[in-house]
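First comes the structure, then the notes that go with it.
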Amino acid sequence: MTSLAVGVVLCLTGWITLYILLCNTSGCHGSEWNCRLVTLLHGILAVCITAYIGYVDGPWPFTHPGTKNTPLQITAMVISLGYFIFDMGWCVYFSTEGPVMLAHHTMSILGILLTLSLGESGIESCAVLFGSEITNPLLQARWFLRQLGRYESLTGEAVDVLFVVLFVFMRIVVGGRMLYCELISPQPRFIIKCGGVAMYVLSWVFMVDIGRFAYRKSQSKYRRWRNQHRSETDNRHDGKTD
C-alpha cells in the first residue's frame with residue numbers, strides 16, 4: 001500500500017506540474033484553458049492504456065469480473081486517481097462545475113481507491129475508465145471550438161453528433177451490458193457491484209442532461225430553418241409582385 005500511495009502522490013505531482021508548465025508557457029490563455037488541456041491529455045492517455053488492457057492484455061471484463069488486479073491495471077488506475085484528485089481540487093477551488101460532475105469525480109476517486117485497496121476488480125475499473133474517458137476528447141474539443149469561435153460550424157456539428165452517439169453507445173448500451181455481467185457474476189464483491197450501479201445511475205443523469213441539450217439544439221436549428229424558409233418565400237413573393 002505504501003508503494004501505491006507513493007505512486008498516487010507522484011502522479012498527482014506530475015499532473016500539477018504539467019498544469020503549472022502550461023500556465024507559464026501559454027499566458028495568453030486562462031486557467032481553464034490549461035486545465036482542459038490537462039484533461040484532454042489524461043483522456044487520451046487513459047483511453048489508450050485501458051483499451052490495451054481490455055483488448056490485448058486482458059482479461060475480458062464481460063466474462064472475468066472480480067479478478068485480481070494486474071500491474072498494468074494498477075498503473076492505469078494510479079495515473080487516473082492522481083488526475084481525478086488534481087481535477088477535483090481545481091474544480092472546487094475555481095467553482096467551475098456543478099454537483100453532478102463533482103459527484104462523478106468523487107465516485108471515481110472512491111471507486112479507484114476501493115479497487116486498489118481490495119486488490120481485485122481492476123479490470124472493471126479500467127473498463128469504466130475507458131467508457132467514461134472515450135468521450136472526453138470530444139467534450140474538450142467542443143469547449144475549445146467555442147473559445148475559438150468555431151463552434152457554429154460543420155466541425156462543431158460533427159463533434160456534437162459524435163459525442164452524443166458515442167456517449168449513448170458506450171455509457172448506456174455497453175455500460176448497461178457490463179453492469180448486467182457484473183451483477184450476475186458471483187466473483188465481484190457486493191460493494192463493487194453497488195459502485196457499478198451508482199456509476200450507471202450517474203451515467204443516466206448525464207444522459208438526461210445530454211437529451212435536454214440535444215432537444216434544445218434541434219429546436220433551435222428548426223426555428224432557424226423555418227425563419228430562413230419563410231424569408232426566402234417572402235422574397236420570392238415580393239419578386240413576383242414587382
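Glycine is no exception: its Cβ is also placed from the backbone N, Cα and C atoms.
The domain 'TLC' annotation in TrEMBL covers 28-219. The signal peptide feature in TrEMBL is assigned to 1-30. Per TrEMBL, transmembrane segment is recorded for 40-62, 74-95, 151-170, 190-215.
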- prompt: Taking all residues of the domain 'TLC' (28-219) together, what is their mean pLDDT?
  reply: 93
Beyond the flanks of the transmembrane segment (74-95) by 6 or more, those residues with Cβ under 8 Å of it: 4, 7-16, 19, 31-32, 35, 38-39, 42, 45-46, 49-50, 53, 101-102, 105-106, 108-109, 112-113, 115-116, 122, 125-126, 129
